[in-house]
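Have a look at the structure below before the remarks.
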């Protein structure tokens, strides 16, 4: 580690970074004005920039920046994930507990009547239930876009999450009321059920588009640096790896929460739907309490207000220059009419916007992927109902997707990915997403083969009726389809979320994340379009068609975007350029905020020592 001795001063904030990299806050007079500790403010700022250019300041210690050779040869490791991020992850876990606990029983609730062999409520049939299920999925992934706009421009992420959580709770309460047996028997559940779907969709959309960006915002915003381990070996602490691990943990928590299906499906079959929906309602109280008491602990990106106006101005100016975004940079075009561009945005903002647009292009193929993923929530549940389930509910088997993810996410994060990084084997986002498409294809191929086997068995063969609902084939051989989908999520879904966040400008992270989630809505539309084929005996061909389409989409995705992997490191550096472009006040605030209030006594001691050194030097 290098040693430094710096003074940083400004009229409204002064800090001293001493040889051990601790800092001192500004002195204030009785009238509240600041005391200036040096006469040469500009010199101090220059010295700060010089020291930061040769190293990275982390918790008061200065670590060297990696050289080109070190970037190419040293293994990359994860940095520290702050506890604040884990609190937000707990909120997401509870929200997903509620969401999956509610939605997995939906298929039976919608498809069957209360007197059927598999009890339900609305008696819509498989095709009708699939249509309403796909509408709900579509709605849940449309609402994040509106919520993201509200968060980025008006309320901020945290406030949007709080409002959405309250709306969500109201929706679950209405849903629970529709499942009361007397309401079902009276045939009055349909209206309340549809209303609850709309309200729950609003709530989950507001949380979905903002909770992962809020979590990722709590991670340290520092460039890569070289750290020497206790055994003398060197590693690069890479924020990209830190972000990747945070999203792995985030997605892992989603699937821990989704195990609520084990409880709600059991309650559905033994106690009834009202108890299955009452459990998520009670659990959802936990995130409401957490959100109510934890606001002061988080880092908050304030709403940007005019960010979308600026983006519109950029696109308007680009359209006047043959859609060349380079021509919208202030360094290329100084004014438009009476507007000075440097007062509206800088060159770096244009580079960030170009990076975000590249990310959005990759989202275009995701609807095909979500069609594969969506089979797990409707048609695969119905497929399980055509098999021998014993005393196990057919909608319970979706839990094997979550179980597989809970097992294999830590294996990938702690064994496979570090091993690849250790030997400098590139496994960058586009390659991971392509692999996700291939696993989704494999899952649909397996489902198609299994459906053909079901049709070959009696007593129903392909002629299922109200009195003949299942063939003589064990449901347990359906598990590999869920496991293959789980692998596809590790590579396609997690990477997509991470890609959306890391490639978005700071003031647009919610909206870019929402646009990624919005691809789910298009997947739901495609699923609605093919829902007419989700009937016997066409299901084998439906799964086959989905598999072929997903395979072609995966190949085209790789062909179109594989060159993005070569640009990955360069694109990630834009985030740190933005940090380097912070004003001195922002830099000082970062240092000040990093100093724990618990160390106040040590701080006062260092302050007195530094003041004594200053007096000696003057």
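The backbone N, Cα and C atoms fix where each Cβ goes, glycine too.
As written in Swiss-Prot, here are the features:
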MOD_RES   22  phosphoserine
MOD_RES   23  phosphotyrosine
MOD_RES   25  phosphoserine
REGION    26-50  region 'Disordered'
MOD_RES   33  phosphoserine
COMPBIAS  34-50  compositional bias 'Polar residues'
MOD_RES   35  phosphothreonine
MOD_RES   44  phosphoserine
MOD_RES   45  phosphothreonine
MOD_RES   51  phosphoserine
MOD_RES   53  phosphoserine
MOD_RES   54  phosphothreonine
TRANSMEM  131-151  transmembrane segment
TRANSMEM  161-181  transmembrane segment
TRANSMEM  187-207  transmembrane segment
TRANSMEM  247-267  transmembrane segment
TRANSMEM  273-293  transmembrane segment
TRANSMEM  400-420  transmembrane segment
TRANSMEM  430-450  transmembrane segment
TRANSMEM  475-495  transmembrane segment
TRANSMEM  510-530  transmembrane segment
TRANSMEM  541-561  transmembrane segment
MOD_RES   594  phosphoserine
MOD_RES   618  phosphothreonine
Hey, which bits of the same chain come close to the transmembrane segment (161-181), Cβ under 8 Å, at least six residues off its ends?
91, 95, 98, 102, 109, 121, 147, 155, 188-189, 192-193, 195-207, 210-211, 214, 272-274, 276-278, 280-281, 284-285, 287-288, 291-292
Should anything in the same chain at least six residues away from the transmembrane segment (400-420) have a Cβ under 8 Å from its Cβ atoms, list it; otherwise answer none.
75, 77, 100, 244-245, 248-249, 251-252, 255-256, 258-259, 261, 376, 426-427, 479, 482-483, 485-487, 489-490, 494
Considering the transmembrane segment (475-495), which listed stretch of 131-151, 247-267, 273-293, 430-450, 510-530 counts the most C-beta pairs under 8 Å:
430-450
Cβ under 8 Å to the transmembrane segment (247-267), counting only same-chain residues 6 or more beyond its ends: which ones?
81, 86, 89-90, 92-102, 104-105, 212, 215-216, 275-277, 279-280, 283, 393, 395-396, 398-399, 401-403, 405-406, 409-410, 412-413, 489-490, 493-494, 497-498, 501
Leading contact stretch, 131-151, 187-207, 430-450, 541-561 vs the transmembrane segment (510-530) - CB distance under 8 Å:
131-151
Same-chain residues at least 6 beyond the ends of the transmembrane segment (430-450) whose Cβ lies under 8 Å from its Cβ atoms:
362, 365, 368-369, 372-373, 375, 379-380, 383, 477-478, 480-482, 484-485, 487-493, 495-496, 499, 540-541, 543-544, 546-547, 550-551, 553-554, 557-558, 561-562, 564-565
